[in-house]
Amino acid sequence: MNTKRLQRIKDHLLAENQCSDMATPQGSPLTTHVLNTGEGVPGARMALSLHRLDSHLAVWNLLTTGTTNDDGRCPDLITREAFTPGMYKMRFETGQYFEGLGQTCFYPYVEIVFTITDPTQKFHLPLLLSRFSYSTYRGS
């Protein structure tokens, strides 16, 4: 295994340990992790935004914006107080991300819509991404 790959693995493991406080009550109840599966690297420095649906007006309200760190994570997305039951949307600016890598992609952005019924739980929303595909799931 080359030195660069070993360093990435080491950095990833260290970031896991540093992010362990996110599971505590003080951490964000919603976290995300972007992985560029086409390159085998974290989706670092990807812009994203979190929105909540106003069901009365049928419009999405912007709650926060962020950028993933070098490990592809974006901690502290939302406070526990602001995280209430409802429908949410997380938008990832994938086109800008791949453009920054000097590549084109098929999806200019990815929007993941999900429903929160119990905001006291912890929710983790990974995005596995390549230039021509993506997948997601509810992690823990």
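Start at 1 and count along the chain as shown; that gives each residue its number.
Any Cβ shown, glycine's included, is placed from N, Cα and C.
Bear in mind that TrEMBL entries carry predicted annotations, made automatically and left uncurated.
What TrEMBL says about this protein:
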DOMAIN    25-139  domain 'Transthyretin/hydroxyisourate hydrolase'
BINDING   His33, Arg73, Tyr137  substrate binding site
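Residue counts for the domain 'Transthyretin/hydroxyisourate hydrolase' (25-139) under DSSP, helix first, then strand, then coil, are 7 helix, 52 strand, 56 coil. Taking a C-beta cut-off of under 8 Å and a sequence gap of six or more, Tyr137 (substrate binding site) has these contacts in its own chain: Pro126. The Cβ of Arg73 (substrate binding site) has 23 other Cβ atoms within 10 Å, all protein chains considered. All chains included, 19 other C-beta atoms sit within 10 angstroms of the C-beta of His33 (substrate binding site). Whole-number maximum of the Cα to Cα distances across the substrate-binding residues His33, Arg73, Tyr137: 15 angstrom.
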